[in-house]
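Participant: The structure's right below; bear with me while I get my questions together.
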Amino acid sequence: MVKSLRFGDLDVPVPGFGAMGISFALGNDLSYEQAEPVLLEALKQGCTFWDTAVSYGPGKNEKLIGEFVKKHNCRDKLFIASKCGVAAFEDGSITNSAEHIQAYIEGTIERLGFTPDLYYIHRMDPNTPLEESIPAMDLLRKQGKTKYIGLSECSAETLRKANSIAKIDAVQAEYSAFETLHETDGLVDTARELDISFIAYAPLGHGWLVENFPYETPDDFAPDDYRRQIPKWQGDNFYANKRIADKFKELARKKNCTLPQIAIAWIAAQGMIAIPGTTKPERLIENFAAREIEIAEEENKEMRKLVDALKPQGDRYSESAMKNIGK
């Protein structure tokens, strides 16, 4: 079983917590009172590696976390990551300019009420050279406005070049038993080679790898649920992918655990920090208990065989969003 993983000079408890869903993307826009129970449960369980971003809201997600930390006086117990790189308060475009980075860290600090531990560039801007954006991120670190810096959904080539300009501490990208693209595009291998922590978002496949999957058709999603725009969740792809998820559930039954637990434990076994999100305290307890699951070598091989055989159908983002990843 994997209960912690190395991040820089720290040992962080795994899995972490992805806060996006409490105010963004899944048809949720929780008030502080609605969000507080799941954050309290995370704190109680010792799930303290949290992930947010300026664009989740925009600004609302950071503000919710900031209010929680202030109310419960728990800054010293949490590792908080946030992200810039999206003009969230302007036109929503991708921008990595030094001016943007400097301006957005100030807003993040104001909303959180403290400096984040880790600050990412959320999406890579092909119009801004790394020679401008990476020194700007490094300057934040030197100024004490963040301790660590990272990139999100970049290419292996970009990660390598960025790390040659200044030490990159983390790369965040989608990774799960349902989505292993980055094993074949070089990103996982490059991160390992350069000793860069890999933070796996969407470790439950954006909702596929859960018990009691609540959707029978693509029309069942809330009107503002972003999955309505993703090919993987629409048309015939929906039904094909649902059958794949059922196969993983059979594996969980053999292990006498839940599907989310074996999915998260498998990611930890790859040496990656998963950041599953939820709005429900009981689901957070379930997810965090994945750290108690022991995956033996033979079980790891069995799951790997299943992962390699059952490839999902459809792109993982809309056509427009696909243009902003892997750059």
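Using the three backbone atoms N, Cα and C, a Cβ is placed for every residue, glycine included.
Okay, so Swiss-Prot annotates it like this:
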type	residues	note
ACT_SITE	Y56	active site, proton donor
BINDING	D51, 152-153, 202-212, 286-294	NADP(+) binding site
BINDING	H122	substrate binding site
Participant: Count the Cβ atoms, other than its own, that fall within 10 Å of the Cβ of the residue listed as 'active site, proton donor', considering every protein chain shown.
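Facilitator: 26, counting other Cβ atoms within 10 Å of the residue listed as 'active site, proton donor'.
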Participant: How many Å lie between the Cα of A202 (NADP(+) binding site) and the Cα of Y56 (active site, proton donor)?
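Facilitator: One finds 15 Å between the Cα atoms of these residues.
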Participant: Please name which of the recorded positions listed here, Y56, W208, I293, is nearest in space to H122 (substrate binding site), Cα against Cα.
Facilitator: Y56
Participant: Give the distance between the Cα atoms of the residue listed as 'active site, proton donor' and G205 (NADP(+) binding site), rounded to the nearest whole Å.
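Facilitator: So the Cα of G205 (NADP(+) binding site) lies 19 Å away from that of the residue listed as 'active site, proton donor'.
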Participant: Return the residue, from the listed binding-site residues D51, E211, with the maximum count of other C-beta atoms within 10 angstroms of its C-beta.
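Facilitator: That would be D51, with the most Cβ atoms nearby.
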Participant: Can you tell me the three-state DSSP label for A290 (NADP(+) binding site)?
Facilitator: helix
Participant: CB neighbours of A290 (NADP(+) binding site) within 10 A?
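Facilitator: Result for A290 (NADP(+) binding site): 26 other Cβ atoms within 10 Å.
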Participant: Non-local Cβ contacts of N287 (NADP(+) binding site) (under 8 Å, 6 or more apart, same chain)?
Facilitator: P15, C47, P260, Q261, I264, P276, T278
